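Taken from Swiss-Prot, the feature signal peptide applies to 1-19, supported by sequence analysis. The disulfide bond annotation in Swiss-Prot covers 122-128, 182-304, 480-483. The transmembrane segment feature in Swiss-Prot is assigned to 163-183, 208-228, 243-263, 289-309, 323-343, 357-377, 384-404. Residues or ranges marked as domain 'Thioredoxin' in Swiss-Prot (evidence: sequence analysis): 434-565.
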């Protein structure tokens, strides 16, 4: 008896194992979106928590989460920082795994108010779901002063500003600005004014007065940084809008052009004259007078300092961080003041000779400012085009530096020239791949010629017009990475094209995910993309031939031979 039971158990186990061996390779092993991303919510007066329980092997896109109130007012929602995910077609994206809890503060909600929540995710196996939309009913909430505060994300999840350089770079920029033609020649004169024309001061006294002057200048810059950062904090959400980012990028580009000498950017001459007169009334050689002179000097912007200062101020406004804003401008002023302190203590013998090299320093800072619009535009146009902009900037800078270095006659400059030329050649690679690589691929690959359909009626009409031929329907969307992999790697393969030579090819682009797209996906019982369906000559689908998820050319060719009706 025991032997029979044991034999029966083995038979049942072997049946399930062998059944798995004969499962169709294209059959869906993916769960519905509601199971992949289990959504829930809980409201307690002004506090609303949105929760996603994300199944293992699946993830949500951070940038695809949208929250829209109806008959309600909510505080600005700050999405927690996710983890980075990278693919060939969309580059780096922030995603959420496992679990996501999003607190929302409801300032006011009328009777019948709702919250529309839209989100989208994919599976690691190469399967993406259309955008999901959930409607959250809200309990009536009366506005009060406490609820008007912005929602706070737990501290460990607070997103930090992603900065292209740290505040310490401001110190180096300040030192570099000191060697521009508008600043460096003025240092001996400023040194004499600070010391009050006294030539027999002790080194310690001279250093103290110069340090006080620099601190006065730094105070002005720090105050500017705090004010701009505070203003940026109030308008942080607006400053992240694509149109605002594009506008700021244009402003940064214009500031860079002023460093290239296309036009002069400075305070009005009348205002500069008034500030200069105020500074001249102060008594040089005294700590109080020197401090006021430094504070006023911070407001007098020369053509060489206006553009970099404006660029840093606009950049600080983007961060919205007051500590960063004040610290960055303080270090910038300190960097400008260090050469002045050295000249005051050690004399003009440390001062390099004036010459064309100062104009080259000014031009170099123009390229530094140009890095900021690239950083901003990268958020709008994506990482792929952002890399191309960085490539173009690198080619321009290293190319300019190489041409400039050709004027030098010293032997060791040959090594520098080789390094600059090599850097330019390395920088041009992304542009070369874009200009020649993709074009070459497009010329050598012949893609399938699909007939586009949009609605269920158009699909039915196309099946009738097939006149007995087998039909393949490809469901495609721009947000589907695996769909693009099908186009690039599978549909371009000659063996696949040969196998589909006698097949009517249809394609439905459901990128918009509008009502017609949703109706088509529902009619076909499709969970997500990529999904490829096969119909026989009578317009009946062969469910066993359906493909979900990516297949390479070899696997897809074998699937066509085995499954296509």
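Don't overthink the numbers, they just go from 1 along the chain as shown.
The backbone N, Cα and C atoms fix where each Cβ goes, glycine too.
Each residue contributes its Cα atom, and for residue 483 (disulfide bond) and residue 128 (disulfide bond) those atoms are 9 Å apart. Sequence-distant contacts of the transmembrane segment (384-404) (same chain, at least 6 residues past either end, Cβ-Cβ under 8 Å): 90-91, 360, 363-364, 367, 370-371, 374, 377-378, 417, 420-421, 423-424, 426-431, 434. With respect to Cβ pairs under 8 Å, the transmembrane segment (323-343) is most closely packed against 208-228, considering the stretches 208-228, 243-263, 357-377. Comparing residue 128 (disulfide bond) with residue 480 (disulfide bond), their Cα atoms are 6 Å apart once rounded. Note: residue 480 (disulfide bond) has non-local neighbours 128, 529, 530, i.e. same-chain residues 6+ apart with C-beta under 8 A of its own C-beta. Of the listed disulfide-bonded residues, namely 122, 128, 483, the sparsest CB environment within 10 A is found at 128. In the three-state DSSP scheme, residue 483 (disulfide bond) falls into the helix class.
Along the domain 'Thioredoxin' (434-565), the predicted structure has mean pLDDT 87. For the domain 'Thioredoxin' (434-565), the DSSP-based tally of helix, strand and coil residues reads 60 helix, 24 strand, 48 coil.
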